[in-house]
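Listed in TrEMBL:
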type    : residues : note
DOMAIN  : 5-121    : domain 'Response regulatory'
MOD_RES : Asp56    : 4-aspartylphosphate
DOMAIN  : 144-209  : domain 'HTH luxR-type'
Amino acid sequence: MTELRVVIADDHHVFRMGLHRLLDSVPGVSVVAEAADTAGTVAAVREHDPDVAIIDLHMPGGGGVDATEQIRRHGLRARVLVLTMHSDHVLVRQAVRAGARGYLLKDAEPDEIIGALRAVHADQAIFDSAVADRMLATLGETGPATPFPQLTEREFDILGRMAAGQSNQAIAARIGISVKTVQNHVSNILLKLGVADRAQAVAKARDAGVHRPG
């Protein structure tokens, strides 16, 4: 049987250790690396080429959504299973848009985690029942279309903060990423919006009602 290679990414050491022990007990599953932040997660996936990366959403350096986006952007083959405490449908949508194939809550039973791992490895989409219920409840909700659909969730968030008058340094401190990473996102935003500079992007955002205080 082909070995299923896994990277675990979570900023809580005790949780990583427990999950590592669980997966070590499963025949045919091998944990090849662990990571505690976004950069470490992407580096581990690039170095070890796992079949599945199990990723928490809230980690230093940008979080699980950023890590998932980078894994997809770099063309890495690892499939992502989000394992988190948060069932908010907005976070679920962000994770799925970033490229996650599964979304499970941390209170899941061990056999559920193992089943989800195997499902994601088989390229099946799988969601925790509580998450699925919340998602279904929002299907009938309607509202105005989101402006700038060409932007990723992170880029849209940063654009809103730009429109609110935040500097790159303030944005970096607020969302827990480096100033250089913010600068890269801003460059991508300008390119995708077809504008020449930050002022034009801000004007376009404000015209569309995009504004994110705080």
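Positions of Cβ are set from backbone N, Cα and C atoms, glycine also.
Just so you know, TrEMBL annotations are computer predictions that nobody has curated.
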Task = Count up the helix, strand and coil residues in the domain 'HTH luxR-type' (144-209) according to DSSP, in that order.
result = 44 helix, 0 strand, 22 coil
Request  = Just give the helix, strand and coil counts over the domain 'Response regulatory' (5-121), going by DSSP.
outcome  = 55 helix, 26 strand, 36 coil
Task = Mind looking up the mean pLDDT for the domain 'HTH luxR-type' (144-209) in the predicted model?
result = 87
Query = Long-range same-chain neighbours of Asp56 (4-aspartylphosphate), Cβ under 8 Å, sequence gap at least 6?
reply = Ala9, Asp10, Asp11, His12, Phe15, Gly64, Val82, Leu83, Thr84
